[in-house]
Amino acid sequence: MNPQAKLIFTISLILGTAITTSSNHWIMAWAGLEINTLAILPLISKSHHPRAIEAATKYFLVQATASTLLLFSSMTNAWYTGQWDITQLTHPISCLILTSAIAMKLGLVPFHFWFPEVLQGAPLTTGLLLATVMKFPPITLFFLTSHSLNPTLLTCMAILSAALGGWMGLNQTQIRKILAFSSIAHLGWMTIIISFDPKLTLLNFYIYSLMTAATFLALNSIKALKLTTLMTTWTKTPSLNAMLFLTLLSLAGLPPLTGFLPKWLIIQELTKQSMAPAATVISLLSLLGLFFYLRLAYCTTITLPPHTTNHMKQWHTNKPTHITIAILTTLSTMLLPISPLIYPLS
């Protein structure tokens with residue numbers, strides 16, 4: 001892709017995200033979401049492969065539908081209450097339509113079907129944007145309207161997301177699809193707590209973005225798209241694979257890694273809100289995700305190809321992205337000891 005075009009699309013992504021996250025008016029938030037959608041489409045379809053074109057088409061149709069629902073929700077609320085302010089969403093029908101619109105934007109169950117297919121058709125770097133940056137504006141709208149939304153509906157959607165995200169990721173061999181179902185399961189954790197402690201949702205999203213960025217960039221560096229490819233990379237870059245192993249375990253939420261922090265805080269808050277059954281169910285459902293993370297980790301480090309390679313192992317490489325990967329993997333694995341500092345800052 002032309003560097004100038006890529007620069008324009010990147011600036012548009014930043015602009016769209018900034019407009020949505022900083023706006024108080026529904027029309028401005030909607031405009032920011034539309035800029036984001038239009039900016040990411042060329043990045044999804046830049047390979048001109050039929051799978052990429054299909055992914056871009058699916059993404060456009062789903063996001064256009066979600067944006068229409070969001071606009072309809074805000075107009076219904078303005079019709080009944082005279083308010084265009086995002087935080088003044090009070091009409092129950094508007095709240096229901098908005099929940100559906102944001103669930104569609106994020107890929108929450110039951111609107112999750114598009115996300116694995118789109119991520120599978122996109123390159124790894126674009127997949128990283130889809131799994132992190134593109135989810136930030138809808139999460140912000142969730143944050144701003146969390147006091148108006150129905151907690152029972154959100155809890156049901158969250159538990160179903162955690163269940164389906166874990167269950168459907170079990171039999172996958174494509175790494176991007178596994179990471180897509182992982183994202184759906186993590187969104188379940190973010191959604192279940194949004195009505196009770198919205199700041200905890202944002203903290204979960206930030207930590208999830210850190211771990212996902214580290215995973216995607218490491219996979220992009222070793223050019224692994226399938227589990228069979230991942231099995232042969234240990235002999236080429238052992239140090240990178242060892243850090244990828246720890247990052248995957250952190251994504252699974254195992255202590256004493258960073259990924260355990262949001263799950264720990266969410267279970268604690270749910271228990272305080274007398275929702276111990278929901279906390280128990282979503283904790284048990286995270287074991288499904290743990291299985292496929294362990295399978296990925298096993299393929300990354302513990303399996304070896306039948307014949308080891310004769311060339312020198314790359315313990316150190318000079319690629320500039322590896323500095324970013326090193327920082328992200330360190331943050332993805334070692335933030336738990338300073339959790340008393342992180343949570344008040346959020």
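Cβ from N, Cα, C; glycine included.
Features of the protein shown, as given by TrEMBL:
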DOMAIN    23-288  domain 'NADH:quinone oxidoreductase/Mrp antiporter transmembrane'
TRANSMEM  59-79  transmembrane segment
TRANSMEM  91-115  transmembrane segment
TRANSMEM  152-171  transmembrane segment
TRANSMEM  178-196  transmembrane segment
TRANSMEM  202-219  transmembrane segment
TRANSMEM  240-261  transmembrane segment
TRANSMEM  281-304  transmembrane segment
DOMAIN    290-343  domain 'NADH dehydrogenase subunit 2 C-terminal'
TRANSMEM  325-343  transmembrane segment
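A contact between the transmembrane segment (91-115) and the transmembrane segment (325-343) is absent, since fewer than 3 of their C-beta pairs, 6 or more residues apart, lie under 8 Å. Between the transmembrane segment (178-196) and the stretches 152-171, 202-219, 240-261, 281-304, 325-343, Cβ pairs under 8 Å are most numerous for 152-171. Here the transmembrane segment (240-261) sits against the transmembrane segment (325-343); at least 3 CB pairs are under 8 Å, leaving out pairs fewer than 6 apart in sequence.
On the 0 to 100 pLDDT scale, the domain 'NADH dehydrogenase subunit 2 C-terminal' (290-343) averages 77 in this prediction.
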